[in-house]
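Contents: one structure, followed by commentary.
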């Protein structure tokens with residue numbers, strides 16, 4: 001008996017068509033939408049079949065990982081090529097997903113699913129007969145399996161979304177997504193067990209097609225193809241609704257912030273699960289060899305006990321984790337409508353230290369490693385069903401297939417498409433420079449895994465950002481979005497976005513000009529270039545103080561020209577210091593030099609605020625600094641010597657002729673310490689650019705909310721926060737640079753990797769206190785200032801050390817180019833966009849909220865919360881720098897010795 005369900009919590013199905021068969025008729029759509037219904041038991045049977053196929057789907061993903069050692073021995077492939085197996089699989093999957101998403105939103109979903117099952121079964125069976133001489137065919141077959149599974153991963157969740165709604169959908173999706181870890185674990189178990197029983201790993205690939213044939217029959221017979229959006233329409237079919245184009249769907253999804261941020265969160269999960277799922281059994285096997293519990297494997301079949309243990313662990317933690325995540329989400333939603341992304345964020349942020357401890361403890365105690373690995377997997381598994389429910393709740397039904405496809409594509413292309421190969425590649429690269437022992441193999445794989453912990457933390461940040469937009473996007477689906485900064489905003493009538501553009505244009509001009517000055521600085525008179533740059537920026541700054549308020553674009557242009565002038569100094573000045581001093585003396589002098597960065601930043605706030613208060617007009621702040629600039633340019637011409645390049649390093653000899661600019665660039669790009677330290681510097685630049693621009697305004701708004709200050713409606717605005725922030729920046733700049741330099745000199749006595757390690761610790765510590773700024777500011781301005789003090793001190797400890805790292809790993813004749821390229825990269829990825837991005841996000845949040853002082857404060861705070869996550873990423877890059885620092889420093893010293901020509905002999 002068919003029952004019609006019309007209440008919101010009901011199940012929705014498909015009414016019988018002609019001939020008693022379930023499905024949409026082949027005739028045109030009726031003039032009036034027909035009620036759509038399905039017996040309750042049929043809906044649950046359909047869900048059970050889809051869950052069974054999902055189990056087989058994920059068994060296919062990881063069945064190769066369960067027999068990875070045997071596959072490597074059979075085809076004679078290294079770690080990097082073994083990782084490429086999964087990369088090929090995922091790459092085919094992500095390329096196919098958008099195609100299946102398009103088809104799933106427009107054509108029969110049952111037919112598309114059936115085609116996918118046939119394709120992956122046939123490719124999997126065929127791959128078991130490939131000869132070891134044709135390993136490339138095996139790689140291709142894994143790609144075809146990925147294409148087949150793409151159809152299922154993309155379309156199946158949308159079918160469940162059209163059968164169930166609200167709490168029932170959450171429960172059914174929880175059961176469906178339980179089979180991700182269960183299928184993954186059974187993939188390991190099946191591969192290992194069949195290999196042990198038959199003595200041949202290929203039989204594991206021959207059993208799967210039998211199970212998949214049963215799945216195909218069940219799909220055709222028992223699973224309906226419900227009208228899209230049936231659940232939301234409460235029983236009314238929507239087959240006749242006009243379809244939007246694929247480009248319109250993608251444009252809609254791109255503007256859906258909940259979808260964008262949750263997709264990035266899923267990407268972080270995919271990166272970690274891909275790397276962990278592929279390499280964990282081998283990592284655990286090699287850990288047991290290091291502990292002396294097993295002998296190394298030199299020919300197949302290899303001991304598969306760890307695959308069985310890891311598979312069982314994945315099954316158990318997967319079941320518990322998915323149920324726990326779904327049930328927590330269901331209950332917490334009644335209290336907090338943002339429950340789903342908050343649960344995802346909390347579980348990822350808790351999983352990061354668990355995974356880190358599992359890796360670190362593996363060489364000393366296997367039991368503790370297994371315990372923390374299980375906890376990490378449990379926390380990761382909490383998210384699978386919740387993430388799917390987020391997507392279904394924030395995307396309109398007509399776009400869900402495309403949304404699933406786009407999420408799969410982005411998640412895999414930035415996640416597990418490359419993470420297994422990247423992990424294997426890093427492992428192979430680390431092993432290349434080490435003794436060929438099992439201990440070094442194990443340590444190489446362990447160290448290549450460490451980046452996963454930081455990626456998980458980044459994913460947690462993405463889910464926190466999802467929480468900001470969730471309610472607004474759900475509502476849209478149910479209905480179917482500085483010192484004198486306040487004075488400048490008031491004078492020109494611009495919002496946060498326009499104010500952020502001032503600093504972004506300045507930095508963009510700076511980074512574009514930096515490579516040009518780097519080239520000139522390595523080849524021509526550095527004194528003249530420095531003086532010209534200072535005179536230029538001083539003149540432009542002075543002129544900008546006379547721009548009328550109706551020509552804001554001229555102020556933006558003038559800031560760009562100032563950035564060009566300042567690029568000359570920032571690029572060339574450190575290289576002169578590098579040619580005057582060496583070793584610890586150079587570290588000390590660079591510390592003093594880079595102390596001027598925070599000191600100058602702080603004095604910028606203080607000078608701007610003080611001059612504005614004294615003169616009653618913010619324009620005068622732009623008329624004082626050019627006078628000092630002119631004096632400085634003159635002093636450089638008179639007092640700074642024209643030092644020869646490489647003077648401090650060449651020991652009395654002369655450097656040979658210069659190499660070409662292209663050759664310099666190639667050498668720098670291949671210098672891994674330089675590349676990773678430049679990326680870390682970009683993270684520092686992102687945070688300092690955003691915080692330096694917006695923190696004074698943020699603290700002013702906090703005091704307005706606390707009713708200790710009044711909203712500024714016309715200039716001149718209060719300057720107390722700029723003065724305090726400037727003073728803090730000056731002091732913490734001095735304290736941070738001195739602390740960083742002292743800590744580095746002390747640590748160098750204990751480890752030669754001191755420079756990047758001190759930077760990494762400073763960054764990771766700073767991230768914690770930057771986060772606390774936004775917690776404290778809501779209730780205590782004093783508490784916020786304390787957090788700013790500690791966070792800035794730790795952040796500023798890196799300035800001189802980063803420059804010293806560059807001097808160590810880059811030869812003297814390339815240093816100006818290296819500084820220029822580092823400036824370009826750090827500003828392009830850092831403070832070129834961060835002030836504008838923060839202002840843009842702040843305005844975007846305010847558009848969907850009430851126009852009140854509270855939301856002005858909250859929206860800017862939410863936008864600034866992006867900074868600590870970027871700082872954590874910078875800490876990770878400094879840790880990566882530490883891996884290559886010693887080898888790159890040795891190469892630089894060797895190249896300097898080769899470039900030095902002995903001084904000409906003197907006749908007596």
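Just so it is clear, glycine is given a Cβ too, placed from its N, Cα and C backbone atoms.
As recorded in TrEMBL, the features of this protein are as follows:
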DOMAIN    46-476  domain 'Major facilitator superfamily (MFS) profile'
DOMAIN    467-891  domain 'Major facilitator superfamily (MFS) profile'
REGION    1-26  region 'Disordered'
TRANSMEM  41-64  transmembrane segment
TRANSMEM  84-104  transmembrane segment
TRANSMEM  339-361  transmembrane segment
TRANSMEM  501-521  transmembrane segment
TRANSMEM  528-547  transmembrane segment
TRANSMEM  553-576  transmembrane segment
TRANSMEM  588-608  transmembrane segment
TRANSMEM  620-640  transmembrane segment
TRANSMEM  673-695  transmembrane segment
TRANSMEM  723-744  transmembrane segment
TRANSMEM  756-777  transmembrane segment
TRANSMEM  862-886  transmembrane segment
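Panel annotation: around the transmembrane segment (756-777), residues 673, 677, 680, 683-684, 687, 691, 695, 698-699, 702, 736, 740, 743-744, 747, 783-784, 786-788, 790-792, 794-795, 797-798, 801-802, 805, 861, 864-865, 867-869, 871-872, 874-876, 878-879, 881-882, 885 of the same chain, lying at least six beyond its termini, place a Cβ under 8 Å from a Cβ of the stretch. Outside the transmembrane segment (673-695), and at least 6 residues removed from its termini, the chain residues within Cβ reach (under 8 Å) are 482, 485, 499-500, 503, 507, 601, 725, 729, 756, 759, 763, 766, 770, 773, 788, 795, 798-799, 802, 805-806, 809-810, 818, 821-822, 825-832, 834-835, 837-839, 860, 863-864, 866-868, 870-871, 873-875, 877-878, 880-881, 884-885, 888-889. If one looks beyond the transmembrane segment (339-361) by at least 6 residues along the same chain, the residues whose Cβ comes under 8 Å of a Cβ in the stretch are 258, 261-262, 265, 268-269, 272, 276, 325, 328-329, 332-333, 368-373, 375-376, 379-380, 382-383, 386-387, 389-390, 393, 446, 449-450, 452-454, 456-457, 459-461, 463-464, 466-467, 470.
Under 8 Å from some Cβ of the transmembrane segment (528-547) lie the Cβ atoms of residues 517, 520-521, 554-555, 558-559, 561-562, 564-569, 572-573, 619-620, 622-623, 625-627, 629-630, 632-634, 636-637, 640, all in the same chain and six or more residues away from its ends. Outside the transmembrane segment (41-64), and at least 6 residues removed from its termini, the chain residues within Cβ reach (under 8 Å) are 11-13, 22, 71, 85-86, 89, 113, 117, 120, 124, 142, 145, 149, 152-153, 156, 159-160, 163-164, 172, 175-188, 190-191, 204-205, 208, 211-212, 215, 218-219, 222-224, 277-278.
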